[in-house]
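A quick write-up on the structure given underneath.
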Amino acid sequence: MLITFEGIDGAGKSTQIRKLAAHLRSQGQEVLTLREPGGTEVAENIRLILLESRHDITPVGELLLFSASRAELVNEVIRPALKEGTTVILDRFFDSTTAYQGYGRGIDLPTLNSIIALSTGGLKPDITFYLDILPEEALIRKFSEKSIPLAFDNDELDRMERSGLDFYRKVYEGYRCIMQEEPDRFVSINARKSIQEIHTTVTKTLKEQRAGRQS
């Protein structure tokens with residue numbers, strides 16, 4: 001089973017992934033947690049390039065770097081793990097590319113979708129949890145975590161984090177459009193709820209989905 005978590009930076013994905021992985025392992029399941037970009041030696045090196053604040057990367061270059069990282073991760077790690085029956089939990093997948101590079105950077109969606117199809121080989125998540133929080137609130141969380149002032153030119157921010165509020169508003173609206181296109185795959189959760197409330201929703205949803213598959 002492939003489970004993905006999506007949402008703008010600061011939504012709380014990493015926390016929920018850790019809790020879900022621990023929950024599933026406690027039930028005796030084999031679980032692999034991964035992040036995008038990353039997960040292989042090549043992909044982690046691409047991640048460093050993408051997030052380095054001194055790099056000035058064009059939107060198309062950014063898209064292709066993310067896609068190269070994804071192609072490596074899918075073929076080298078995700079597909080083999082799924083074949084062995086491992087539950088894979090992924091922090092971001094191609095929906096992030098659609099939201100960030102498509103809606104955020106303005107890349108033509110048909111072109112973007114072709115590149116996504118090539119990099120994933122058609123692999124899709126079984127379920128995607130979207131942690132919904134307004135960009136303004138998410139960014140306040142993010143800056144608070146780093147204990148830095150709310151300023152996008154701060155040297156402690158990575159290249160993506162320096163993109164600005166208008167960019168994140170476009171990304172947020174992009175996610176809303178994506179979910180409307182595939183409502184059966186997405187589970188939208190209010191990210192302003194407590195960590196435990198969100199976790200309970202996630203585990204309950206997965207339990208119900210698995211019960212539905214077995215019936």
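Cβ coordinates come from backbone N, Cα and C, glycine included.
Swiss-Prot has this to say about the protein:
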- Gly7, Ile8, Asp9, Gly10, Ala11, Gly12, Lys13, Ser14: ATP binding site (BINDING)
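In the three-state DSSP assignment, the secondary structure recorded for Ala11 (ATP binding site) is coil. In sequence order, Leu131, Ile133, Ala138, Arg141, Ala191 are the same-chain residues whose CB sits within 8 A of the CB centroid of Gly7, Ile8, Asp9, Gly10, Ala11, Gly12, Lys13, Ser14, the residues recorded for ATP being left out.
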